[in-house]
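Asks: Here it is: the structure, laid out below.
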Amino acid sequence: MSSTSDNVLHAISGAGGGVLSMLLTYPLITLSTRSQVESKRAHSTVLDAVQKIIQREGISGLYAGLDSALFGISVTNFVYYYWYEWSRAAFEAAAVRTGKGRRKLSTLESMAAGALAGSATVLITNPIWVVNTRMTARKNAIEEEDDSHKGSSDEALPTLQDPTGRKALRRIKPSTLATISAIIKDEGWRPFFAGVKPALVLVINPILQYTLFEQLKNFLERRKNGRASPTDAFYLGAIAKLVATALTYPYITLKSRMHVASKGEKKYTMINAIRNIIREEGWSGLYKGIGPKIVQSVITAAFLFAFKDAIYDFTVAMRSKALAAKKLKIKAK
């Protein structure tokens, strides 16, 4: 098995695992994202938010932006796992050349591999997540039929009726391409890289997540004297993501807000943006939506690791069977 081929298999497995896990947990992503970007005046419980979204937009409202999210997670995970496995292979090869002969990464090596993979992923996929956050937050999703009031609603979760009672508002559900076109037309190309700085800071999230996962997995495999199963990966992935998300959540909130900031809104540095949130909303503003986000992140990560390992094992088995069949066919000739 060549190293490059193995890296691609890991990348494909990661992309497939990401898509499957996101399909299962996407409504929680919608709730968390809206909680992060909505006005500070719109206080509500998670249950209230679900009821309001369904009332205004139907069940489909819980899946706003799903198409861009699935595309985004598949590309994100493919890029991340490819570079992570490439980095892992480089460290392992270096260990063999120096005579150490070990096959497991140290904590520092895991962190370095995660930093390289995470940084490459952020730079390549940030535009995708800007579009997804815009669609999920439903920014500018409600438009008045009366042009004199168009664009007057600045709430992430606006009502369907004009408060003046003169005109009803109609729901607009822009496609991914329409959202991209609107951003380019109204704001240019720069918004696609909004939030890159906090996103690069957030590279620490997958670094913590994958480093903790790898070290827990190594410990478990030493205890079991064998390979960890997809079920083991499920629980280890949940633990790793819980720790990583709890430690980095304020920057997750900051990144979401920067993604939905329009052209006319005042821009802040990361530090000033954090200070602004604390001044206007208190410390709790940095943790808005953390409930559904923690649940979503932990469940998604758990299924991701489980699905990835299962898909990887399946693809390796299929490839081995195909190679064996090819050899038999050659011998038969």
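For all residues, glycine too, the Cβ spot is worked out from N, Cα and C.
Bear in mind that TrEMBL entries carry predicted annotations, made automatically and left uncurated.
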Asks: Checking feature assignment: transmembrane segment per TrEMBL, candidates 12-31, 172-191, 272-291. Which range matches?
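Replies: Comparing 12-31, 172-191, 272-291 with TrEMBL, transmembrane segment matches 12-31.
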Asks: Same-chain Cβ contacts of the transmembrane segment (62-83) under 8 Å, 6 or more residues past its ends?
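Replies: Same-chain contacts beyond the ends: 7-8, 10-19, 22-23, 26-27, 29-31, 50, 53-54, 116-118, 120-121, 124-125, 128-129, 131-136, 138, 141, 173, 175-176, 179, 206, 304, 308.
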Asks: Write out how many residues of the repeat 'Solcar' (5-90) are helix, how many strand and how many coil, based on DSSP.
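Replies: Per DSSP, the residues of the repeat 'Solcar' (5-90) fall into 75 helix, 0 strand, 11 coil.
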